[in-house]
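Straight from TrEMBL, the features:
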DOMAIN    192-345  domain 'O-antigen ligase-related'
TRANSMEM  6-26  transmembrane segment
TRANSMEM  47-63  transmembrane segment
TRANSMEM  75-92  transmembrane segment
TRANSMEM  104-123  transmembrane segment
TRANSMEM  161-179  transmembrane segment
TRANSMEM  191-219  transmembrane segment
TRANSMEM  225-243  transmembrane segment
TRANSMEM  329-356  transmembrane segment
TRANSMEM  368-392  transmembrane segment
Amino acid sequence: MRGEIWTQPKVFAISLICILNFLILWEDRENLKLPQGWKISRLLWEIFLGIGLIATLASPFPWRSLFGQEQMGDGLLYWLLIAIFTLSNSLLLRLHPELACFQLQGLVIGGVILAISIFPQAINWRIDYTATTGQLIQDNILRSTIFQNQQPIGLYSHRGHASFVLAAVAVMTFVGWQWRWIDTPKAATAGILIIPALLLTQTRAGLLALLTASIYLLGRQHYKLLVPATLVCLLVIGITTSTRQINNFPLIKQITSDRVYLWEMANYGISQRPLLGWGMNGFGAAYPYVRHSRTIAKVTRLGDFSFDFQDKNGQMQTRQLPTTKAHNLILDTTLSVGLLGMTSYLALLALCLWQVFNSPYRGIEAVFIAYLVFTFNWFECAQFTHLAWWSLSICGMSRIPKITP
């Protein structure tokens, strides 16, 4: 249900953008020249997707690898879409660099709308902006399957997803203001709405991502501003950690929300299939074999939230699938496409970051830096991953100077 409400519409929108990009590029095909950097990026995408295809074919659950889990949505087809989106937008901005300004402004407007949607949910957790808003299936669960302690979610299926989007848009707002693509009153208005909304999500990863990106952008020149901002963020993170009690876990598990346990299982899963992994959404595919390795003879069905298996006595059983992610970018990617795929993915990231860093649009890479920090203890998801790759599609392949409105 969450995928139908929050994931699929966003993927559909990215698909429409790709179609529009192609139409514009086709009209200007006579003026289009493919730069060497773009060709290298395309090659690395092809290598990564090729390894992903092999991993999908070799996966014990190839259909899951192809389409992804319904809420995460990041199967092989999604990554093909992201490759098309990133590469086509790079070419589009080479031909029409003035569009980068409008794209950034549109994303900031979207972030402001998201921020505004957070405030009513902070007051009344039953608001989820769906057709069944306010309806309950249990005292603490909405009909849309959103739990009370997961609010506020804004326009996403989890407050963690919303927190990254808010952090990313906050960075975009600041960069747009630096480039004079957004004037001071509008940037201030956006910041006044976005920062409190981010705090209301009570998500430490989002705050840490914004803090890291801010330090990267401001550096030593603005240390007088960074020091109090850092202290405030650390204070909020500390308060959030100390007030969130998870099943009476010890301190380290409280601090990491028991991520260490997931990381240990991920490492074991990687050791079983190190080269090509388990296919996209690899943690979900590996979990039954890692968690119940002593009792499972064969997994007969891998669902979105549970799996069926035949035990070694020949009996059929069903178990819950608590999560489909290891909550770490490196571990999740390696579980999905193995060490070969992880190597190609890191090479692709390094190339894209280097291109942006050496372009007239230097600074926007801070969005992806925030993404890397966020996914250190979170994961990639079709609800927001496109924002990070959009920032890398502004790779400065056009030599036209930055545009100011």
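Backbone N, Cα and C define each Cβ position, glycine as well.
Long-range neighbours of the transmembrane segment (368-392) within the same chain, counting only residues 6 or more positions beyond its ends whose Cβ lies under 8 Å from a Cβ of the stretch, are 6-7, 10-11, 14, 68, 71-74, 78, 82, 85-86, 89, 103, 107, 156-157, 160-161, 164-165, 167-168, 171-172, 205-206, 208-210, 212-213, 216, 256-257, 259, 325-329, 332-333, 349, 352-353, 355-356. It is 329-356 that, among the stretches 75-92, 104-123, 161-179, 191-219, 329-356, forms the most Cβ pairs under 8 Å with the transmembrane segment (47-63). Counted over residue pairs 6 or more apart, the CB atoms of the transmembrane segment (104-123) and the transmembrane segment (75-92) come under 8 Å in fewer than three pairs, which marks the two as apart. With a threshold of 8 Å between CB atoms, the same-chain residues lying at least 6 positions outside the transmembrane segment (6-26) that come near it are 32, 70-73, 78, 81-82, 84-85, 88-89, 91-92, 95-96, 155-157, 381-383, 386. Below 8 angstroms of C-beta separation, residues 37, 40-41, 44-45, 47-48, 51-52, 55, 65, 86, 263, 266-267, 269-270, 273-283, 286, 362, 364-365, 368, 372, 375-376, 379-380, 391-392, 394-397 of the same chain, each at least six residues beyond the ends of the transmembrane segment (329-356), sit close to that stretch.
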